[in-house]
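Peer 1: Here it is, the structure in full.
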Amino acid sequence: MNREEATLLGFEIVAYAGDARSKLLEALNAAQAGEYDRAEELVAAADDCIVDAHKAQTSLLAKEAQGDDIELSVTLMHGQDHLMTTILLKDLMKHLIELYKRGS
């Protein structure tokens, strides 16, 4: 995989992870407003985006496992960072929504 392909893959991961992050933060706002069903829907939609980002990441891992040399790019590293922090946010969001439910 050349640098341009790695950069494009990085942008793809950033886009999916960014969409997921936005949905998760919107879910937090919904939970804060007492709209728990909406919050759960947004978390599920975010999870779909994370799955898409993970598929892109998995394609990268598969290419490397097949012996393809991967030229790293800052964009690809940025995408990986975005994805991992978004996954962490999703894990925390479930707990935060539950705390809002208990407090109402």
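The backbone N, Cα and C atoms fix where each Cβ goes, glycine too.
Swiss-Prot feature annotations, pasted as is:
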DOMAIN    4-102  domain 'PTS EIIA type-3'
MOD_RES   H78  phosphohistidine
ACT_SITE  H78  active site, tele-phosphohistidine intermediate
BINDING   D81  Mg(2+) binding site
Peer 1: With DSSP assignments reduced to helix, strand and coil, which class does H78 (phosphohistidine) get?
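Peer 2: Going by the DSSP assignment, H78 (phosphohistidine) falls within a helical segment, counted as helix.
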Peer 1: Near H78 (phosphohistidine), how many other Cβ atoms are within 10 Å of its Cβ?
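Peer 2: H78 (phosphohistidine) is surrounded by 16 other Cβ atoms within 10 Å.
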Peer 1: Counting every protein chain present, what is the number of Cβ atoms, excluding its own, within 10 Å of the Cβ of D81 (Mg(2+) binding site)?
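Peer 2: So the Cβ neighbour count for D81 (Mg(2+) binding site) comes to 14.
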